[in-house]
Amino acid sequence: MTADSSIAAPGTDYAATASEAYRAALKVIESVEPRIAEATRQELADQRDSLKLIASENYASPAVLLTMGTWFSDKYAEGTIGHRFYAACQNVDTVEALAAEHARELFGAPYAYAQPHSGIDANLVAFWAILATRVEAPGLAELGAKHVNDLSEADWETLRAKLGNQRLLGMSLDTGGHLTHGFRPNISGKMFHQRSYGTDAQTGLIDYDAVRAAAKEFKPLILVAGYSAYPRRVNFAKMREIADEVGATLMVDMAHFAGLVAGKVFTGDEDPVPHAHVTTTTTHKSLRGPRGGLVLATEEYAPAVDKGCPMVLGGPLSHVMAAKAVALAEARQPAFREYAQAVADNAQSLAEGFTSRGARLVTGGTDNHLVLLDVTSFGLTGRQAESALLDAGVVTNRNAIPADPNGAWYTSGIRFGTPALTTRGFGAAEFDKVAELVVEVLSNTQAEGTSKAKYATADGVAARVHAASSEMLAANPLYPGLTLS
Ligand SMILES: *Cc1c(COP(=O)(O)O)cnc(C)c1O
């Protein structure tokens, strides 16, 4: 890792200038609500001292963060660029147009929509845009005057039938799909007749023939590809082939791996954008931007996506769209490609660190930014492993593994991701050390009796691991040179 692939230093006095900005901002906040200023300081201190391995988190640059704290937050701008339901939106137009332009250029997409407030919002916009493009929808009046929250299962059935019995085929939650890909309790599982595809029971990999067979039988309107916890690349060209064979729209949710697409680690068949009709993403995960979402679309779907407001969204978060523009400008720099490659290389190192120490990984390894460790071989549930690691200052999240024997709450897996610590400058050696520390904690932790939650770690282990990780963190500081006092 070279210094310029981190968020550290676009200019020599960058850290000093950012420090000044944050000190001033905290002083202003302090004058109104000192406890918020204090919590803000504490959050930085805590983030600086934690080994953040949560695969969906990252650290945005001070430029991105500072962009969010402006008066753009005060502006209403419902509508689209140049066509707003509110007056005096000329500067929001500039911001949204730039965010969309950077997104189109970065991802090579014909159209980009920068308004979604989050990944879930981006998916809702995409779902409704696909329905609006492909299905003759009835007016709401036809459905009666009920509030959607009051709809019974039978009402939903009627609603779906009226909308053309739309079907959605997505990756199952336990093999790495997201809850917006048709999970029953989520709106996506209610709007659509839903079915899931999983992974091969032996290899843990997506079996494209099985996806094709499911698609042929189920005939989905939408085929969703993308994941939150699948440690492998996906062949989106094949997914598109399958979608075309059954007349489905291919929607790819690249929320997790957008940074690897932006950084050209995923190209050709692994780049979803040229293959999908509609691509959605978050901007705050591997893409390292502000908390938000984006929708990319082909010309065919663009007009419907552009109606995200008022279809799904209200007023856009103009301050966040501005920060998206800044983050996307950063991602178009050559340094971001180095970063993205380092994220993938570091995941390899982490995975090898685990397997060389005898730990079992779902699919046996990784070729993206995340690693899914099966903790059953340590005699633990995901919940116990997550807690024991947290005691040692290692922040991860428990995650179901395919056909999880402990269910979605306790789980049997721990998901690790490299985007955040790579931003801090961790390289292959540090990630091998991370694997060593994790294995040290887990192999010294035991379940208490038959409990799926209680555990005990051998004396001294958590403290020793915490000290070793603090040393690595100190050598790779978060926001180097940024001081609040
Ligand atoms: C994180 C994630 C989302 C949701 O993003 P939010 O910003 O939390 O709403 C959607 N899809 C996938 C695949 C994700 O990983």
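First residue shown is number 1, and so on along the chain.
Note: Cβ is positioned from N, Cα and C throughout, glycine not excepted.
TrEMBL entries are annotated by machine, without manual review.
What you see is a predicted model, and the numbers here were worked out from it, not measured in a lab.
Per TrEMBL, the feature domain 'Serine hydroxymethyltransferase-like' maps to 30-133 (among others).
TrEMBL lists 165-437 (among others) with the feature domain 'Serine hydroxymethyltransferase-like'.
In the three-state DSSP scheme, GLY177 ((6S)-5,6,7,8-tetrahydrofolate binding site) falls into the coil class. According to TrEMBL, the feature (6S)-5,6,7,8-tetrahydrofolate binding site maps to LEU173, GLY177, HIS178, LEU179, GLU299.
TrEMBL lists HIS284 with the feature site 'Plays an important role in substrate specificity'. If you draw a 10 Å sphere around the CB of HIS284 (site 'Plays an important role in substrate specificity'), it holds 25 other CB atoms from the protein chains shown.
Per TrEMBL, N6-(pyridoxal phosphate)lysine is recorded for LYS285. According to DSSP, LYS285 (N6-(pyridoxal phosphate)lysine) sits in a coil region rather than a helix or strand. The C-beta environment of LYS285 (N6-(pyridoxal phosphate)lysine), restricted to residues of the same chain at least 6 apart in sequence and closer than 8 Å, consists of ALA55, SER56, GLU57, ASN58, ALA255, HIS256, ALA258, GLY259, PRO419.
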Counted with DSSP (H/G/I as helix, E/B as strand, rest coil), the domain 'Serine hydroxymethyltransferase-like' (30-133) has 59 helix, 9 strand, 36 coil
What is the Cβ neighbour count of LEU179 ((6S)-5,6,7,8-tetrahydrofolate binding site) at a 10 Å cut-off, with all protein chains included? 18
Across every protein chain in view, the count of C-beta atoms other than its own within 10 A of the C-beta of HIS178 ((6S)-5,6,7,8-tetrahydrofolate binding site) is 23
For (6S)-5,6,7,8-tetrahydrofolate, whose listed binding residues are LEU173, GLY177, HIS178, LEU179, GLU299, the greatest C-alpha pairwise distance in Å: 31
Between HIS284 (site 'Plays an important role in substrate specificity') and LEU179 ((6S)-5,6,7,8-tetrahydrofolate binding site), find the distance joining the two CA atoms and give it rounded to the nearest Å. 18
CB < 6 Å to ligand 1, subset of binding-site residues LEU173, HIS178, LEU179, GLU299, seq order -> HIS178
Protein Cβ atoms within 10 Å of GLU299 ((6S)-5,6,7,8-tetrahydrofolate binding site), excluding its own: 8
